[in-house]
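Participant: Have a look at this one.
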Amino acid sequence: MSRLFGTDGVRGIANTELTAELAYNLGRAGAYVLTEGTHKPKILVAKDTRISGDMLEAALVAGILSVGAEALCLGVVPTPAVAHLTRAYGADAGVMISASHNPVEYNGIKFFDDKGYKLSDDLEDEIQRVIESGFENVPSPTGANLGREIIEKAALEDYISFAKDTIGISLEGLRVALDCANGASHEAAVRAFRELGAEIFVINDNPDGTNINENCGSTHPEELMEYVVKKKCHMGFAFDGDADRCLAVDEQGNLVDGDFILTICAKYLKELGRLKDDTLVVTVMSNLGLMIACKNEKINTAVTKVGDRYVLEEMLAKGYSLGGEQSGHIIFLDHNSTGDGLVTALQVASIVKRTGKSLFELKNVMKVLPQVLVNAKVPNNMKNIYEEDEEIIAEIKKMEAALDGCGRVLIRPSGTEPLVRVMLEGENQAEIDEMAHNLANMIEAKCN
């Protein structure tokens, strides 16, 4: 069997790739591996608003109960709520059923350990090994030793209280627009901002099981950008389906992506003496403009591979407090152990409130270098072609020479989809747009 786990848990089209049988096996193996030797272990289970969540939850919970563990079901809550509540409730593990920003037909299963961190590759491999062994030596308890399913009704309330407590200030006087992507933030974000005193205006907060991420949320912020201006809001926030990421919109309707949010928060925290080692952790996909802004503000940058797990690894290894990605995955390690869209939105809103500056003013700390991202569709087994094909390698070198130190070419395979992402930065938008499309077309042609 090829590796089950991708960069963010197990993902696939629900009911064909990610089947109820696989969910049961993951629940059974995951509960066994993560709770070995624990007396009556407790595992949290939550989901986003996808229609397939009910089916997968039933199967996953059955697997957990089959090894004698308790399943504490939280219902629909954001992914970061699982990370936080696993710690807060003293659970042995947490599981989120979500495919994040992916379309509705996809779903995923992601595990957290007892500290609220995503699993290491070694633990994921051990879960897969147990499944492939046919559950060799895994107990099948009977009678009173079986696990029970418990519905935890206070989960959403507990998460909202935690998120609100991260800012310690009223947001009264702020007009805030929220795009909930018809996903897991549709209650948590709305209630948190309202309870903090903000006047809120909400779109895409009516999930029906099939409309999650559909032309809305952080992957499609255009509607929010217009809505913020129309409603004369001070700012807006767009979440993805499971609310582990967040993008902002300023009062003029401009998008404020993860790079801007990171730079704004890093500058503010540094001024308060709360940015550990004056260092911000980012990935290779962050805009060169962020690097320049940080240099001007005397903020160090630590650069990792793409993926919030690599950002987190660097933060934990060096004790850094802030890191994230352009996509809006922002980790405030003083608050949570994973990217948290609601916590991110609240930090930005509180900075606007405390400084008295508009979000448009705050984002002027950074100037974006034009950046183009083009997806090349490639089979999963050919994702490394850009490192192996001589013509593609030569074309990349030619483009790098043409950019002459004022830009860059970055190519990376997607961890969750049959895509290779081609990213170019440079001073001339039209030029890099053409170069990126040419390179993506070349990669696709070589694969077909």
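In case you wondered, yes, glycine gets a Cβ from its N, Cα and C as well.
Keep in mind the model is a prediction, meaning the values are calculated, not measured.
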Participant: Swiss-Prot has D240, D242, D244 binding Mg(2+). Which one of S52, S66, S100, S414 is in the same site?
Facilitator: S100
Participant: Would you mind reading off the Cα separation of D242 (Mg(2+) binding site) from S100 (active site, phosphoserine intermediate), to the nearest angstrom?
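Facilitator: Here the two Cα atoms lie 5 Å apart.
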Participant: Which residues, in sequence order, are found in the same chain with Cβ within 8 Å of the centroid defined by the Cβ atoms of S100, D240, D242, D244 at the Mg(2+) site, excluding those residues themselves?
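Facilitator: Going along the sequence, the neighbours appear as D48, P78, T79, S98, H101, G183, A184, F239, G241, A243, R245, G339, G341.
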Participant: Using the alpha carbons only, what distance in Å do you get between S100 (active site, phosphoserine intermediate) and D240 (Mg(2+) binding site) once rounded?
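Facilitator: Cα of S100 (active site, phosphoserine intermediate) to Cα of D240 (Mg(2+) binding site) measures 6 Å after rounding.
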Participant: Would you count the other C-beta atoms found within 10 angstroms of the C-beta of D244 (Mg(2+) binding site) for me?
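Facilitator: Here the count is 34.
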